[in-house]
Amino acid sequence: MSQGPVDASQVPRFAGPDTYARLPRLDQVERADVAIVGVPFDSGVSYRPGARFGPAAVRQGSKLIRPYNPALDVSPFADLQVADAGDIACNPFDIDRAIDTIEQAVGGFDAKLVTIGGDHTIALPLLRDVHRKHGPLALLHFDAHLDTWDSYFGAEYTHGTPFRRAVEEGILDAEALSHVGIRGPLYGKADLAEDRRLGFGIVTSADVMRRGPDEVADALRQRIGDRPLYISVDIDALDPAHAPGTGTPEAGGLTSRELLEILRGLSGCNLVGADVVEVAPAYDHAEITSVAAAHVAYDLISLFALGKRT
Ligand SMILES: N=C(N)NCCCC(=O)O
Ligand SMILES: [Zn+2]
Ligand SMILES: [Zn+2]
């Protein structure tokens with residue numbers, strides 16, 4: 001019998017091949033320290049859809065990446081075996097099932113993961129998995145948005161609610177939770193009070209401008225200490241000038257230089273997992289957003305190379 005094409009009712013059409021930074025596929029190496037995994041899921045969005053095409057765009061945007069990172073004096077792909085694990089095929093019509101699928105799929109890796117989204121809904125199953133392996137987590141969350149809202153249209157699992165659910169599930173260490181890049185209109189003042197009650201500290205986009213990335217990174221490191229750290233980067237933390245290709249853009253954001261410099265200031269932290277989400281290439285121009293996201297992922301991989309080896 002001949003082997004035909006992949007069944008589109010089992011594996012979504014937008015889950016595809018091609019690798020991050022032209023690295024080997026996971027099945028081409030014996031073992032990996034760090035795996036890049038795509039999650040082409042965007043059924044949790046409140047505004048523009050399209051982040052399901054994020055993983056493919058970020059891989060495309062990563063093709064120019066070179067092996068030596070001078071900003072951190074590290075060659076991450078030489079110091080660590082990094083490989084591309086492909087995409088997790090999850091159900092675009094059923095958010096609960098997609099969340100289960102993601103949690104199960106990432107549970108099967110013994111490498112540390114840099115996950116490429118996908119909308120921010122996916123952070124919840126990713127955090128659940130890392131929590132199972134490392135216990136309560138420090139969270140560093142780069143975003144224009146709090147993503148600690150309670151529900152949208154009665155739905156609990158959306159891209160605006162993952163960190164509220166994570167706190168409720170006891171996944172996060174309430175002493176070490178930070179948002180960076182926050183700005184823009186809210187539903188009400190209570191959004192901030194509730195976010196504070198959950199334990200989050202906020203570094204606004206304007207704070208980064210006023211204090212500068214080095215001072216911000218120092219303050220974040222103090223808050224994080226040596227706790228196991230998860231970094232979640234919503235690309236809309238960047239200004240729409242630096243990341244137009246995203247679903248819920250807000251004016252007045254970080255520059256890509258500020259974001260990368262803050263990340264670089266975190267070297268030595270006990271990073272245990274990371275994601276880069278909300279790249280929606282249909283709204284992008286000249287790969288501005290996907291190149292920025294690919295570089296964020298590169299500095300995250302570099303932080304793994306410079307952090308504790310386990
Ligand atoms: N982009 C993320 N993750 N969240 C945005 C939620 C904004 C809102 O619709 O209220
Ligand atoms: Zn956001
Ligand atoms: Zn977000």
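Cβ atoms are placed via backbone N, Cα and C, with glycine included.
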Candidate from His120, His131, His134 that TrEMBL assigns to the same Mn(2+) 1 site as Asp143, His145, Asp147, Asp236: His120
Remaining residues near the recorded Mn(2+) 1 site, that is with C-beta within 8 Å of the centroid of the site residues His120, Asp143, His145, Asp147, Asp236: His141, Ala144, Leu146, His159, Gly160, Asp234, Ala237, Thr248, Val277, Glu278
Alpha-carbon spacing, Asp143 (Mn(2+) 1 binding site) to Asp234 (Mn(2+) 2 binding site), which is rounded to whole Å: 5
Number of other Cβ atoms within 10 Å of the Cβ of His145 (Mn(2+) 1 binding site) across all protein chains: 25
Asp234 (Mn(2+) 2 binding site): secondary structure state under DSSP, collapsed to three categories: strand
